[in-house]
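**Q** The feature transmembrane segment is assigned by TrEMBL to 47-66, 78-102, 114-138, 150-170, 205-226, 238-263.
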Amino acid sequence: MNFEVTPTTNFFKYQPNCRNFSKTVSFKKTFLRFLFPFFPMRLSQTTHLLVLLALMVSLRIITKFFTFPIGPVMRAGITWVPIAMIGWIYGPVLGIFLGIFTDTITWMMSSGTWFWMYALIEPAIMVVAGMIGSIYRLRLYSTKWIYDLIFHQTVLIVFLVISFFGLVYYGTNSFISNNGKFNKGLDLFGLTFKSPQLITKWTQILTGSVLISFFVIIEIIVIYYLTKHVKNKQNPCLFLYVSLLMPLLSILFSFLLGTIAAIEFFNFLHHGKKENNNLVNFGFYYYLIPRVIKEVVRNPILIAITITVLKLVEPNLKQIYNKLRNQW
């Protein structure tokens, strides 16, 4: 007597696919939460998120008026705190649109000239902050914070190297395109050089030295506070990711994009005419040193303020996250 066992056999054969399907759904959910921290909830569905967003936008506008100038193109303040907070809380995708929104508002309230490179900074800060914030939420309950420290160090070193080569490449090409091969002497910090090759060598040393100095000082600060967290048996996860975020913003948007934007803004104001002067030839080196000094002083302040504000809003955010988790 023959029995039909094919359906049973096929049922057991497809069990692994069911497990794979579960893993796929879990990965999709995690990826969506990475891009949209409050998925599937919409921003308009909770008054907590709207009120918090309005508060952060207000702080962004207020902090704009509490900055002081350093030279002709630099200002010092804490405007990055509300900008980064918006990206951290609402994620990288919404950060693009919210960054454009806040940048447009603050530009309309000022009498400055609009320039596309400066307009990119605010949305880009929110995107970077949103990505770091999402990684922090994924790692929040992990007990192996040593992996977070390795990630912290790797990201900083990689982007410092990228900044170094980016500045050297831009500076060398800008200098040679404005001067070519010349026989007359040009001055850099009081020293006269007579060849582009010699200029390139010394400016590479200068760029590398100031970036390494920034990294060493930030490392001292991180090691000191990380040791305190470990000694007091506190979870250092929040500190590690905020202390990664602020130096990373300094590297990308103050050292790299900020110095290049200052020169390009000068050319923009002069309608693209190549002005053979010290600002165009060496401007990014003149501005890089004060930018590094400014960020070394400013970074510990930004880190402390950001951690404090996040701890204040964290209870409300946890309630929303738990509500979403229960929906799944």
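Cβ atoms here come from the backbone N, Cα and C positions, even for glycine.
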**Q** Which residues of the same chain, at least 6 past either end of the transmembrane segment (205-226), have a Cβ under 8 Å from a Cβ in it?
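**A** Counting only partners 6 or more residues beyond its ends, the transmembrane segment (205-226) has Cβ contacts under 8 Å with 149, 152, 156-157, 160, 163-164, 167-168, 171, 236, 239-240, 243, 247, 250-251, 255, 285, 288-289, 292, 295-296, 299-300, 303.
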**Q** So are the transmembrane segment (78-102) and the transmembrane segment (150-170) touching or not, going by 3+ C-beta pairs under 8 A with a sequence gap of 6 or more?
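**A** No, the transmembrane segment (78-102) and the transmembrane segment (150-170) are not in contact.
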**Q** Report, as numbers and ranges, which residues of the same chain sit near the transmembrane segment (238-263): CB under 8 Å and 6 or more residues beyond its ends.
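**A** For the transmembrane segment (238-263), the nonlocal Cβ contacts are 73-74, 80, 84, 88, 115, 117-118, 120-121, 124-125, 128-129, 132-133, 135-136, 139, 145, 148-149, 151-152, 155-156, 159-160, 162-163, 166-167, 170, 174, 211, 214, 218, 221-222, 225-226, 229, 279-280, 283-284, 287-288, 291-292, 294-295, 298-299, 302-303, 306-307, 310-311.
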**Q** Restricting to the same chain and to residues at least six past its boundaries, which positions have a Cβ under 8 Å from a Cβ of the transmembrane segment (114-138)?
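**A** Hits for the transmembrane segment (114-138): 30, 33-35, 37, 80, 83-100, 102-103, 107, 151, 237-238, 241, 244-245, 248-249, 252-253, 257-258, 260-261, 264-265, 268, 321.
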